[in-house]
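Q: Just passing along the structure, written as structure tokens.
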Amino acid sequence: MCKPQQKHYGRQVMNTQNSLKQVATATMVGTAIEYFDNYIYAMAAVLVFNHQFFHAVDPLSGQIAALSTLALTFIARPLGAILFGHFGDRFGRKNTFVMSLLLMGISTVVIGLLPTYDSIGIWATILLCLCRIGQGIGLGGEWGGAALVAVENAPEGKRGWYGTFPQLGAPLGLLLANGVFLGITAIFGQEAMTEWAWRIPFLSSVILVAIGLYVRLKLTEAPIFLAALNKPKPKRLPMLEVVTTHFKPFFLGMLVCIAGYVLFYIMIAFSQIYAKSAPTVSEAGYAMGLGFSPQIFTALLMASAVSLAITIAASGKYIDKIGRRTWLIWTTVGVAIFGLSLPLFLENGTTTSLFWFLFIGMGLIGMGYGPLASFLPELFPTHARYSGASLTYNIAGLFGASVAAIIALPLNAHYGLKGVGIYLTLNAVLSLVGLWFISETKDKLLS
């Protein structure tokens, strides 16, 4: 039997047994499931869960309670990053990568089987929260594994491009989630969606999980990781090494990620609530909604996925030429400006202005998200890379994404869209501080 060929690029080795198609599919499918889960949960939290799992005295309290369960996932993600990062760094990327997908997928499917508050009372809410924690632990190991499989199998000079493969799962997940919701609503109607049909998207994720498992089980470990296994291992746990020896890239990397997380959840959670809510006025005199139908908003969000996909792919091509840091600096400046212009897009209240808000916002998300799968792993050595990239990415999510929509809702009620925009801009400034002090990694050899 022929051994898999290896090509040498300096000190880095590429294993040609894992083809470009294998790497792209294995990494993209997992991220697609992650974002499919996040999208369907965010939509269900806005449209359904405030009625089915939370009994509140007013609509705003119900929405905040439902959105708070989004935060549970981000609280659990660092635990998943520690757990899966440890096994991924010590024993192998492949099996860890498979286990994180299984935990994430099972937790999502179980949500589709849960009884509601009317059936078992507070236990329905507790079970929903436990499923979100399970999703979070699985997701905590998922992205880091996908990023490492892509980057560690990339030839020299193409790590940025290979790193966009897992990131392209985001627009795929968005399209699938919104398409499923639109299709179910069109077939069964909004009342059925609220009562029982919301379960279908969660149950259907089993198809994506099966595809992901099939592809991932055929992968082999990258030579750069196999070489690291043969070296003496540090006595400290990978997590402890990350937060001590590599604290600077860990901390600065978190700051870099925060603006993108806040923007993402303002786009898919806050803007969804604002667009679909009735055009009422808060006690402070600010508009609380635009009155768009769920179908119109979902269609516009699906159209904006084109912008997300294009900018992710474009980032992969350009960051291998101009560098990750330069690209991210200009992108984050764009996010800061976008935050200040938020009222210009949403106060108008027209379909056209809402479309451009979503299209430009998703484009900026893609520009910032695309480079992360190469940039964050490049900050850490091979023996601590899974833990380092996963912890950095997921703790940033804890501080950025978990509270974004929860903070934005009362900000809008008390200070209007200007307050929400300033909140986004301040987070962009935090990310710019991180980018100012962090090092470029484009030409760094993985070791």
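Placed from the backbone N, Cα and C atoms, the Cβ positions cover glycine too.
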Q: Would Swiss-Prot have Ser293 and His414 facing the same side of the membrane, if we go by the names of the topological domains it assigns?
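A: According to Swiss-Prot, which assigns topological domains, Ser293 and His414 fall on the same side of the membrane.
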Q: Taking 3+ C-beta pairs under 8 angstroms (sequence gap of 6 or more) as contact, is the transmembrane segment (296-316) in contact with the transmembrane segment (168-188)?
A: yes
Q: Are the transmembrane segment (355-375) and the transmembrane segment (120-140) close enough that 3 or more Cβ pairs fall under 8 Å, when only pairs 6 or more apart in sequence count?
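A: Counting Cβ pairs under 8 Å (6 or more apart in sequence), the transmembrane segment (120-140) does not reach the transmembrane segment (355-375), since there are fewer than 3.
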Q: Taking the transmembrane segment (64-84) as reference, which of 195-215, 250-270, 355-375, 391-411 has the most Cβ pairs under 8 angstroms?
A: 391-411
Q: Do you know the DSSP helix, strand and coil residue counts for the topological domain 'Cytoplasmic' (376-390)?
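A: Tallied per class, the topological domain 'Cytoplasmic' (376-390) gives 12 helix, 0 strand, 3 coil.
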Q: Contact between the transmembrane segment (326-346) and the transmembrane segment (250-270) is defined here as three or more C-beta pairs under 8 Å separated by at least 6 residues; is that satisfied?
A: yes
Q: If I count Cβ-Cβ pairs under 8 A between the transmembrane segment (195-215) and each of 29-49, 97-117, 168-188, 326-346, 355-375, which range comes out on top?
A: 97-117
